[in-house]
Amino acid sequence: MTIDLVPGSSGLIDAGGDKKITYFSNKYVLGLTVIAGIGGLLFGYDTGVISGALLYIRDDFKAVDQSSVLQETIVSMALLGAIIGAATGGWINDTHGRKSATLIADVIFAIGSFVMASAPDPYVLIFGRLLVGIGVGIASVTAPMYIAEAAPSEIRGGLVSTNVLMITGGQFLSYLVNLGFTQVRGTWRWMLGIAAIPAILQFSLMLLLPESPRWLYKNRSSSEAIAMLSKIYDPDRLQDELQQLSAALDEERRNRNSVRYRDVFKIKEIRLAFVAGAGLQAFQQFTGINTVMYYSPTIVQMAGFGSNQLALQLSLIVALMNAAGTVVGIYLIDHVGRRKLALSSLTGVILSLILLAVAFFLESSGHANIGWVAVLGLVLYISAFAPGMGPVPWTVNSEIYSESYRGICGGMSATVNWVSNLIVAQSFLSIADAVGIGMTFLILAGIGVVAVGFVVVFVPETKGLSFEEVEKLWRERAWGFGNGNGNGMESLLEDDEA
């Protein structure tokens, strides 16, 4: 059984070109996107909630309060779980489908939430964080892939970015929950346990949704895939989509009999795509985003605001800016393009990190009343990061891989994101203790400069291209013109160079 999200209305995408395709053109696709995006909500809630909960966990468990290693482990154990989840999530997606992967992620996440809420000591809490992380890791691979494979190419960036909006919305929700439970007995247990609710909700809704049409077409039933795609496209456009999909799958079957991990590095066009995707994921973390989100209450306290509750309130502003900036990104990503958006975002990130560094250098030199400068730096950082480097890595990774390698490359790339995230989370406080928080932010700014160079050299523009056109683009980059296997390659390369 599948659910028709818009009974009595086709909401079809017109092939004729007279009707402009917009974000709201098809309510069916938008409904699929929102439900799949609950996985992003889980992702965001978990990354946001721990920063506030940690303040109260330290009050309950003296061992945690006295050990920065335990504090970092509580934060980073979810990241270790996410690495495991992302590394296995690609295989689960390719073998069992996007829908089954989402259901598995929801079950693991809900169990982990209950374990955390009932933890009698820090070590059971750490185990719960591991389980939650595995669920988040699987969801981080699955949600962008499911959305991208159901989305028309003209609005794919905005729809995949909706998952990022759910991530940032989850972070904002986590700060609201943190504030709401500050005066409740068992504060942090409620903060962590309530996360099971969206997981259970998504599990229930996903039972009613169809599998990804592209996965169905390739692995199970072309008739089921066509039935789903017919709810998205009008007959002429549907025929074009099916012809492109069929041709791409036929070519992959001729070229390769099986999908192997080592082919990601051996086959040149796949390697180039993976380097671009994984590099974006790494730079998303090494430019400091989850340092800001995980430790924003701590950073605010370092800036001179001592109250736990005031620190949470100021962090709420940061989370709100993150969500609002992502809304801007949903519009810009299909209008400005992925590449230009990433470059402008990184420029703002570099400048705001320098401002943060200056604020903390002044504070360490004895200047008073500079706390608000640090808070301003955080808000400006989020304002620059959220519309660009927030959605761009996830969007690009959902669309740059061929059909057969989308699962494993998406999983490997997400694993790079989580490994980078773990490195930053596990080392940030230690580095700040060793060289000072001002110098730490300068280091992140330097990494931002390197990221700009990486995007210029390795990341092509994929705005508005079909999956098949993106494959042609990578073949042309790998082997030169004449190996695109189709018309239109010249215009694709010209767009990339523009």
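Placed from the backbone N, Cα and C atoms, the Cβ positions cover glycine too.
Any TrEMBL annotation is an automated prediction that lacks curation.
Pulled from TrEMBL:
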TRANSMEM  28-57  transmembrane segment
DOMAIN    32-463  domain 'Major facilitator superfamily (MFS) profile'
TRANSMEM  69-91  transmembrane segment
TRANSMEM  126-147  transmembrane segment
TRANSMEM  159-178  transmembrane segment
TRANSMEM  190-210  transmembrane segment
TRANSMEM  310-334  transmembrane segment
TRANSMEM  341-362  transmembrane segment
TRANSMEM  368-386  transmembrane segment
TRANSMEM  407-429  transmembrane segment
TRANSMEM  435-459  transmembrane segment
Beyond the flanks of the transmembrane segment (435-459) by at least 6 residues, Cβ under 8 Å: 272, 275-276, 279-280, 283, 286-288, 291, 299, 302, 338-339, 342-343, 346-347, 349-350, 353-354, 356-361, 363-364, 396, 428
Selection from 69-91, 159-178, 310-334, 407-429, the stretch that has most Cβ pairs under 8 A to the transmembrane segment (368-386): 310-334
Maximum Cβ pairs under 8 Å to the transmembrane segment (190-210) - stretch from the list 28-57, 69-91, 126-147, 310-334, 407-429: 28-57
Chain residues outside the transmembrane segment (28-57) and at least six past its termini with a C-beta under 8 angstroms from it: 4-6, 11, 64, 71, 74-75, 78, 102, 105-106, 109, 122, 125, 129, 132-133, 135-136, 139-140, 142-143, 146-147, 150-152, 159, 162-175, 177-179, 187-188, 191-192, 195, 198-199, 201-202, 205-206, 209, 231-232, 290, 293-298, 308, 311-312, 315, 319
Interface-richest range of 159-178, 310-334, 407-429 toward the transmembrane segment (341-362), CB pairs under 8 Å: 310-334
